[in-house]
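Here's the structure we're looking at; comments come further down.
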Amino acid sequence: MRKEIGANLENEDVTERTSSNKRGLTSEAWAHFKREKINEKWKAICKHCDRQLGGDTNQGTKHLYDHIQICKLCTVRGPRFCRALQPLFKVITRNTWKVDIMKVYDAERSKVMKLLEKATSRTAITIDMWTTTNQNKGYMSVTAHFIDNDWTLQNRLLRFTYVPTPHITEVLADVLCDCIFEWNLETKLSTLTVDNCSTNVAMIAYIVEKLDHSSFILGGSLFHTRCCAHILTLIVKDGMSTIHGSIEKIRDSASVWTATPKREEKFIDACRHSGVPYSKKLVNDCRTRWNSMYLMLVFALPYYDVFKHLKPREPQYKSLPSLDEWKMTTEICNAMEIFYRVIELFSGTQFPTSNVYFPKVCEIRLALNRWVFPFNTTLQAMAETMIPKFEKYWDSINSVIAIRAVLNPRFKIKLLNYFFPLMYGSESTKELEKVRTLLEDLVSEYQNKERRLNHAVSDIVCTSASTLTNSESSSRKSDSLIDFLQYIQDASSNEFVKFELDYYLKEPVLLNQSNVDNIGGQFLAPHRSSLNEDTVEAMIGNSRGSMGEQGMGMGEKNLPIMGIGDRDGEEHEVQGQGAREYPPPTPRASATPNS
């Protein structure tokens, strides 16, 4: 039925006017509507869902046909449709649904709470800010990343909590601290990964002051971790701004020739006439998501001759870039491939990524060094725009991500010995020493923690042993050796730390036989934005797999209740096969927590 109506719609004048006095209601659309006068106005009432539309004869029938195309989707959710299928079925009210959802959420939350309590490793936290599309409400998603007792990397969405306005440092910090205390993580935190902005920097300083300093690694100096994927995205946006005009023209070109099926067919025919293989379908992009813009350009760039062939044949197509603009965009897209691959790698959540940050970021820095030489003015201008921002962020993260690379047995210190001279030249020795000192401090802190635990056990044993003897002289002899034994133990421990670290660094690196390296803000969808805050948190917690029994193996590709976009961007529904081929909404990749 819908196909027949759709075919008639193409052949019928959509502004057709009907006259009930002369010709009656002759349009086929009226077979699905009844016309009644309500409050002195004619209304067209749908026979399937009872929706009221404009029914005056001078309004045409296009809006009626539009409703017919979607009515079948609407009536599936209606009570009349349910009664037609099964008269005995009682439709559950939304309050009942809410109660059931909250029960599931509470049960699964208890499982995650027990899993975190049993885990002996530290927990890394990542946060993202979400915004409702129609109410301007702010939400904070808090995700925990940790290694369980089976040495499986886990991530769990702890909270998707409403953040009251204004979203200032103190408010954000209080919301996050409440979550940390609620989940008993105040003494088990390793790092907190956030987007790079002044509010987040101030928030972390506020949290460090509020929590116990002794519970942090190295007094909290490693607590703040900037999201590398977000930093690289900011750098790329600065670089792509040099060809903003060309990108707009190519975007308009892709939009024009994907607007209707008829134009898509015309574009394919033009490919045949131009001798250009139609290997990639044109796609539209989300303006605020760099990865989608990159894919839009990559798919469109092979078709310059096709666009040129179509321009004189389509009056509405007026945005063809010049040949020089096309070549410039092609050069920059080829150069930007490394950023696209690295950002995709950093965004992974099904595997550890902290150990591959360093070599990939070093590759980008060396690429920027190559582009800045004046062999290509286009790349030179882009690199000169990107390097200052890269240097700004690199200075604050290089030592931390270098340590993560050293702890990878496939890299160790040899990776730094290779990259640092290329990046720092004569200053490489000083940079290596900074990393080595930080690494020794980190190992010493863990060794001291182990020693304190051993001392506690020894004290218990000594106390028990002292009750078994009444010999005062024997006690004096024992006491006279305590200081000496303590001195020997401390000296041996310090020597052992350095020896163990030196031994690890001098061992040969492992061969990479297994391909372990082969690997923005968000918006809530409109139909979830109006729900109560507790209901939103429960539904997202259940659907994200945050409360499941499996860890990183849980799929996150089909999330039925959320759309994604940047903080200032558009929303895109994520509905399995109906979604664009952009990365699904996932928790931000985190540094591997220290176990």
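Counting begins at 1 with the first residue displayed.
Positions of Cβ are set from backbone N, Cα and C atoms, glycine also.
Since the structure is predicted, the reported quantities are computational estimates derived from the model, not experimental observations.
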Candidate ranges 429-459, 522-552 [criterion: TrEMBL lists as coiled coil]: 429-459
From 1-21, 463-483, the residue range that TrEMBL assigns the feature region 'Disordered': 1-21
The domain 'BED-type' (27-69), counted residue by residue under DSSP: helix, strand, coil: 16 helix, 15 strand, 12 coil
Secondary structure composition of the domain 'hAT-like transposase RNase-H fold' (347-446) [DSSP: H/G/I, E/B, coil]: 83 helix, 0 strand, 17 coil
